[in-house]
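Okay, structure first, notes after.
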Amino acid sequence: MTDAPVSKPLLATLKGAKFPVPPVWLMRQAGRYLPEYRALRAEKGGFLTLATDPESAAEVTLQPIRRFGFDGAILFSDILMIPWALGQDLSFGVGEGPRLEPALVDHALTGLQTAPERLEPIYATVAQVAAALSPETTFLGFAGSPWTVATYMVAGHGSRDQGETRRFAYGDEAAFGTIIDAIADMTVEYLSRQIMAGVDAVQLFDSWSGSLSPAQFERWVIAPTARIVAALHDRHPGTPVIGFPKGAGGKLPAYARETGVDALGLDETVDPLWAAASLPRDLPVQGNLDPLVLIAGGPAQDAAASRILEAFADRPHIFNLGHGILQDTPIAHVERLLAFVRRS
Ligand code: CP3
């Protein structure tokens, strides 16, 4: 256990350090539950405008840090920037999920015109945030994992069970493999540029990895993730990569072993005691409070947080939610959680 002040406790934890009080950040901490985010979004006129304006995107990245003093800041962007840079049109309509056109269920990938320059404003955002953050705050970049990103590219929108994409992957393995490879290649470039512009670590969000059978999980989650992690480690030795395969359940030990990720994000369905017993002792873990208990608040929230803190007390642990913070989360509950975790 380390008691001396460390310049970036979250980054140190990703590299294996243990602290009596774990560092904390919350997935999707920059967003709609914050009134200051909603105000800026209304002023700028939409998500994509906000995310591609470095000044605004840097401001949104910093909003939750200013308000709560989290140990980590996550870049304000989206996992769907990669499909946009691969040439699909991207829109976020009010009250509906994101749309990508043309959907690859009925349009070949080769018919798209790649547009990597669409990512340039994001690197400018990274540089602005890196210059503004205080030295104890860890700056996290991110991308979606190829499987999760492919589910949006193929269907053209989000879906409950990713059925269209699973069907496509079985029906035309070669075409699907080409899509996965194109996403993986661009993701390596994208994360590499984020690291060069100033992020300290990166996270791969695999929000839909839970819908795959074991063989498909090996093929479309583990293999491309391992390829991305190896390329990043090769180009940027010492920059940690967090893998977050949501819904992976019993496949987590294989994922941890085979992908080479430096830390593992756990969703709220994972029993922390099982994780503590089943994952390599020195592997840093991140998670895994149920975002819904953060809406309930009160003693239920304290009890759930306590269970996680106890289970991970003697391993490197970053306190987080098991998935993104929900829009109707009361600010006071976030404050209560921070005070509880930090015992202040
Ligand atoms: O604090 C942060 O984490 C900010 C950066 C961030 C966003 N999206 C901003 C955003 C991150 C890390 C994401 C990840 C993301 N985006 C994922 C993986 C994590 C997860 O939640 O599973 C996924 C699947 C997406 C795709 C996406 N983007 C969807 C399905 C939607 C609409 C529904 C929703 O959750 O809001 C978005 C839009 C989006 N991305 C918003 C924000 C703040 C809301 C846009 C708005 O209306 O203002």
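Note that Cβ sites are derived from N, Cα and C of the backbone, with glycine treated the same way.
Here the structure is a predicted model, which means the values were calculated and not measured.
What TrEMBL lists as substrate binding site is Arg28, Gln29, Ala30, Gly31, Arg32, Asp78, Tyr152, Ser207, His323. Of all the Cβ atoms in the protein chains shown, 15 others lie within 10 Å of the Cβ of Arg32 (substrate binding site).
Restricting the average to the domain 'Uroporphyrinogen decarboxylase (URO-D)' (23-32) gives a pLDDT of 97. Sequence annotations record features per position, and here TrEMBL assigns domain 'Uroporphyrinogen decarboxylase (URO-D)' to 23-32 (among others).
Sequence-distant contacts of the domain 'Uroporphyrinogen decarboxylase (URO-D)' (140-156) (same chain, six or more residues past either end, CB-CB distance under 8 Å): 25, 72-75, 77, 79-80, 82-83, 86, 88, 98-105, 126, 162, 164-165, 168, 176, 179-180, 183-184, 187, 190-191, 194-195, 199-209, 212, 220-221, 224-225, 228, 242-243, 245. What TrEMBL records for 140-156 (among others) is domain 'Uroporphyrinogen decarboxylase (URO-D)'.
On its own chain, Asp78 (site 'Transition state stabilizer') has Phe47, Ala51, Pro98 as residues at least 6 apart in sequence with a Cβ closer than 8 Å to its own Cβ. The site 'Transition state stabilizer' annotation in TrEMBL covers Asp78.
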So how many of the residues in the domain 'Uroporphyrinogen decarboxylase (URO-D)' (23-32) end up helix, strand or coil by DSSP? 0 helix, 1 strand, 9 coil
For the domain 'Uroporphyrinogen decarboxylase (URO-D)' (140-156), the DSSP residue counts stand at 10 helix, 5 strand, 2 coil
Per the record, substrate is bound by Arg28, Gln29, Ala30, Gly31, Arg32, Asp78, Tyr152, Ser207, His323: how many Å separate the farthest pair of Cα atoms? 22
Around Ala30 (substrate binding site), how many other CB atoms lie within 10 A of its CB? 22
Let me make sure I understand the structure: which of the binding-site residues listed (Arg28, His323) has the fewest other Cβ atoms within 10 A of its Cβ? Arg28
